[in-house]
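See structure below.
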Amino acid sequence: MPKYYEDKPQGGACAGLKEDLGACLLQSDCVVQEGKSPRQCLKEGYCNSLKYAFFECKRSVLDNRARFRGRKGY
């Protein structure tokens, strides 16, 4: 599922997860067929696994213990 490419510049912490979450939302049936905004679809429960992974990645940036272990995600 990850769409990480080596030729892309590294945008920052959790950039790959953020990009994949946006792509997942834009390709979901909620946005394509129903015409809702990605924010509404995210609240309705689409792409939950990527949403959780992005949350954990952002949380690990602030967690001092996780700073030594490395960020979760890609």
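Cβ atoms here come from the backbone N, Cα and C positions, even for glycine.
Here Swiss-Prot flags 27-65 as domain 'CHCH', drawing on sequence analysis. Per Swiss-Prot, disulfide bond is recorded for Cys30-Cys57, Cys41-Cys47, and the stated evidence type is sequence analysis. As annotated by Swiss-Prot, motif 'Cx10C motif' applies to 30-41, with the evidence given as sequence analysis. Taken from Swiss-Prot, the feature phosphoserine applies to Ser37, supported by a large-scale study or a structure entry. As annotated by Swiss-Prot, motif 'Cx9C motif' applies to 47-57.
Location within the structure of each feature annotated in Swiss-Prot.
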{"residue": "Cys30", "record": "disulfide bond", "Cβ contacts under 8 Å, 6 or more apart": "Lys36, Gln40, Cys41, Glu44, Tyr46"}
{"residue": "Ser37", "record": "phosphoserine", "Cβ contacts under 8 Å, 6 or more apart": "Val31"}
{"residue": "Cys47", "record": "disulfide bond", "Cβ contacts under 8 Å, 6 or more apart": "Leu21, Cys24, Leu25, Ser28, Cys41"}
In the domain 'CHCH' (27-65), how many residues does DSSP call helix, how many strand, and how many coil? 29 helix, 0 strand, 10 coil
In this predicted model, what is the average pLDDT of the domain 'CHCH' (27-65)? 90
